[in-house]
Structure formats: structure tokens, C-alpha cells
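What TrEMBL annotates here:
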type	residues	note
DOMAIN	1-58	domain 'TECR-like N-terminal'
TRANSMEM	63-85	transmembrane segment
DOMAIN	133-286	domain '3-oxo-5-alpha-steroid 4-dehydrogenase C-terminal'
TRANSMEM	144-162	transmembrane segment
TRANSMEM	174-193	transmembrane segment
TRANSMEM	213-228	transmembrane segment
TRANSMEM	234-254	transmembrane segment
Amino acid sequence: VEPNATIREIRLMLYKLYPQWYPARQSIKLDPKGKSLRDEEILQHLPVGTTATLYFKDLGPQIGWTTVFLIEYTGPLFIYFLFYFRMPFVYGLDERFTSSPHPVVNLACICHSFHYIKRLIETVFVHRFSHGTMPLRNIVKNCLYYWGFAAWLAYYINHPLYTPPSYGKKQIDFAVIMFLLCEAGNFSIHVALSDLQRNGSKTRKIPYPTKNPFTWLFFFVSCPNYTYEVGTWISFTIMTQCVPVGLFTLLCFIQMTIWAKDKHCTYLREFKDYPSLRMPIIPFLL
């Protein structure tokens, strides 16, 4: 192998020798417990001498991230409708199950559908994935999470015995405004991050605020897309005043905090001039 060979070229060499291990299945490391090397890394720039030992691991069958997100987000969209339209096999045929829902139930369906339609549009037209694939086995776990929670939320929100929010229209209106602002902010951040990787560039760059006010959250946090996403589900919790939605929001916050901290640490490690004021997900706190 030439000193100026990239990791991608080494993956392709392995693929020629072992066709069952296509490049996306390969994890190549300098240390068995270390992180996988990126395709664009050059061998002579790595901390190795004239000889190097590379560790290979088969990641198993892979699936493209675009396909993953389309599957994950299409499920909740249609599952929610099964409960919203009160299919007979869900709530039964009792007369009380045919009563018209409270107006907030219709609004919740619109907001839930809007959220996942937005995600599908972003997947197709906005997102640029630095890692092209994920292990196929993970799709089952991810779908169980998104589809299962969608069914759980929808069951209680659309139940004939559902109780509307305690503070009525004021609580609902506040939640809807907060929901729309967070959705707009989340979309704006995704567009800003996508613009960093124009022309197919995979070079990591520091994201900065743009003229769009929704991106100004970059002044204070490394992952404002997660901040807005959590805000979206907090507003949905306020709107529906439903315990399962609150639990889902809490789990979202925990998971996104983990992702945000990991990304924040990566930025600090790769960029010595990274803005010191930024926190991972919550300004000045976390």
C-alpha cells in the first residue's frame, strides 16, 4: 500500500479480495477499541510508522440512511391515522366510541402529521449524510421505537375518553405557536448544516449562524437542531397534556443530549478555534 493511499482505497482493495465485504460493511481501525477511520483519511497522515497494522471488522449487511429515515418516518404517519379515524378494531364498536373528538384532537393530528411529513421532505431534499449506511439489524430496533411510540401516543390522544388540556384554548394556542416556531427552527438548522456540505464535500466544518434568525441559536449551542426538536415535543406535550407524550419527550431529550454531547466533543477535538461559549444542547447549562 502506498503511503498516500486513503482509507477508501484500502477498503476497495479489501473488497476486490473479499467481494462479500463491500466497503460499507467494513470498519477499519488503528486500534481494536478505537474509532473507525474515515474514508478520506490518508495513511501517511495517521500516527503510524513505515509499517502499520489495521484492524478490520465486518459491520454486517448495511442499508442507506435515506431508506432508513423514509421507513422510520412513514410508519408513524400512517399508524397515527389508524387511531385518529378510530378504526373499529382499535376502540370497538360501542356507540360512545363514535362521538366527535375535542378540537385539540384534530389539531394534534395535524401537528403530528406535519412533523413527520417535514421529516420525510428533509430526508429526500435537505439531508446530506456523512455516513452513507447503517447496519440493517438496527432498522428493526429503530422502527419499534418510532412506530411503537406513535401507536402509544395516538391511542391515548384519540381515545373517546380523552380529557382536553386544563387551561383550554390559551394552553393550546401557546403550544401551537411554540410548536410551529420549533419546527421552523429545526428546518432552518438542517438547511444550514446541509449548506456546509455542498458539492458533495465531506470535510467537517464549524457551523455558524446565518442571516436566518432561527440559526442564531448556533451562538450558544453546538446542536440547535436537537434543541428545536426537543422544543417541538415539549410543545406537543403541552398541547395534548398527555402522559405518554411527556414520557416520549423525556426519552427524546435524553437520547438527543447524548448525541449532542458526542458531537460537541468531536467539534472541540477537531477545531482548536471552536467557540467556547457553546454548550451541547441547552444554552449556558448543558
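A Cβ is built for glycine as well, from the same backbone N, Cα and C atoms used for every other residue.
Here the transmembrane segment (234-254) has long-range neighbours at 104, 107-108, 111-112, 115, 149, 152-153, 156-157, 162-166, 171-172, 174-176, 178-179, 182, meaning same-chain residues at least 6 beyond its ends whose C-beta is under 8 angstroms from one of its own.
Residue counts for the domain 'TECR-like N-terminal' (1-58) under DSSP, split into helix (H, G, I), strand (E, B) and coil, are 17 helix, 10 strand, 31 coil.
Here the transmembrane segment (144-162) has Cβ contacts under 8 Å with residues 72-73, 75-76, 79-80, 82-84, 86, 90-91, 96-97, 99, 101-102, 105, 108-109, 112, 240, 242-245, 248 of the same chain, all six or more residues outside its ends.
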